[in-house]
Amino acid sequence: DLSLLRFISAELTRGYFLEHNEAKYTERRERVYTCMRIPKELEKLMFFGIFLCLDAFLYVFTLLPLRVFLAMFRFITLPCYGLRDRRLLQPAQVCDILKGVILVICYFMMHYVDYSMMYHLIRGQSVIKLYIIYNMLEVADRLFSSFGQDILDALYWTATEPKERKRAHIGVIPHFFMAVLYVFLHAILIMVQATTLNVAFNSHNKSLLTIMMSNNFVEIKGSVFKKFEKNNLFQMSNSDIKERFTNYVLLLIVCLRNMEQFSWNPDHLWVLFPDVCMVVASEIAVDIVKHAFITKFNDITADVYSEYRASLAFDLVSSRQKNAYTDYSDSVSRRMGFIPLPLAVLLIRVVTSSIKVQGVLAYVCVVLFYCGLISLKVLNSIVLLGKSCQYVKEAKMEEKLFNPVMTATPGKPAGKQQSMFKSTQGISTDENGSASVTNQPLHPKENTPSLLVTSNSDQFLTTPDGEEKDISQDSSELKHRSSKKDLLEIDRFTICGNRID
């Protein structure tokens, strides 16, 4: 018989057994443990990536001037040695000279930009208008970064392309002016970002700084509830590394400008310290929350960050090889979207305008500071190379560094060559079935069929979780897979945007 007392008694004494659904609850517990591991694993990746960006950034100030000097010395003394080589300069030396000339030209062009006028112009705007401007600057910075490295790569390839090739470009000089214009505009864009941040620091009620920090949490809403795969998450992680390092440099610029205004009074540095800590803490908190929920919603384990770190380490180790086909700083630019030239131009402009060098003792201090930067760069490079070799060995990727290079053969049809590639791994296999790393051919001919391959370090990341299928299935599925593979080509879509398929 149904009664109220019996219903209440059943509710009070009703039992259930969690062990009957052991798999479900074990999975829930593992998700909790994964979220607890995310901060540690993410910060290890961020720590390693930030030092990679620092290595590429210090290269512009330390080794690049020395390499430019050696290249110019070789060019001047070339008649003394005779033309034993068809090239006047090696491709790496040409690229170094181009980087140095772009850096010098953009530095002198930045002298025509008045920082003080820009500061007062931005300070006169309302808080809401400045908030909108800052958001627009962030979007513009990502767009500039995504297209900037393509402009620089086009210049380097146009200047070093073998002369026996058919002319298929507009010339070195137009590419050079495009690169100078890009670096100059990007440096101005970063200067406006730094000025806006400086205005937020110096505002009395800190309302603008609070709004800008809360803007970081809007990023969680735009990312957490989207579908992510391992490669997409890798792009986002690289973007976060670049963004965090850029913010550190912007904070350094803000501190330099403020310390100059207060005659380098060390007491004012402690006034800025709480705001700097708030900016850094908000960035770290947003990254941790964002990555924790992305991995939770997409069933991605925390071990994936060690794979990302190993892939970045593979880039560093492969760039140190004798047959490397790209400079390491350019590799970082493509992988993370961090282009050091505009940021270096702005930092040099701010430092030279903030610090006056007068007298012999001041020049001695500058020389000692430069030697200290070189020592820091060399020490950082040695430590990074050692840790990278360790990460590559732990990931069992070292055999990919020594496998023979495989290029497209003119006599083979494209279909037969494409069948030698695994559809989802991006790892080429030779006729004996051994894996080999695909590199770009040094002198491909015009009649060579184009072959789309992924970069060396992508091979480790594009390994599917499930069982791979053969590429010789129906044509519609093959077309879908090839387009998906193109979309996840990490070297070409390394930026800051999150490409979701």
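Please read every residue number as a count from 1 along the shown chain.
Just so you know, glycine gets a Cβ as well, placed from its N, Cα and C.
Predicted automatically and left uncurated, TrEMBL annotations should be read as such.
The compositional bias 'Polar residues' annotation in TrEMBL covers 416-462.
What TrEMBL records for 469-483 is compositional bias 'Basic and acidic residues'.
Summarising the annotation, TrEMBL assigns region 'Disordered' to 406-483.
The transmembrane segment annotation in TrEMBL covers 46-73 (among others). Nonlocal intrachain contacts for the transmembrane segment (46-73), taken as residues 6+ away from its ends with a CB within less than 8 angstroms of a stretch CB, comprise 89, 92-94, 96-97, 99-100, 103, 237-238, 240-242, 244-245, 248-249, 287, 309, 312-313, 316, 328-329, 332-333, 336, 338, 340-341, 343-344, 348, 370, 373-374, 376-377, 380-381, 383-384, 387.
The feature transmembrane segment is assigned by TrEMBL to 94-113 (among others).
Taken from TrEMBL, the feature transmembrane segment applies to 176-201 (among others).
The transmembrane segment annotation in TrEMBL covers 338-355 (among others).
Under the heading transmembrane segment, TrEMBL lists 361-386 (among others).
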**Q.** Same-chain residues at least 6 beyond the ends of the transmembrane segment (94-113) whose Cβ lies under 8 Å from its Cβ atoms
**A.** 60, 64-65, 67-68, 71-72, 155-156, 159-160, 176, 179-180, 183-184, 187-188, 191, 327, 341-342, 344-346, 348-349
Q: Sort out the residues at least 6 away from either end of the transmembrane segment (176-201), same chain, that have Cβ-Cβ distances under 8 Å to it, and list them.
A: 98, 102-103, 105-106, 109-110, 113, 115, 118-119, 122-123, 130, 133-134, 137-138, 140-141, 144-145, 147-148, 151-152, 154-155, 208-209, 212, 246, 250-251, 253-254, 257-258, 272, 275, 339, 341-343, 345-346, 349-350
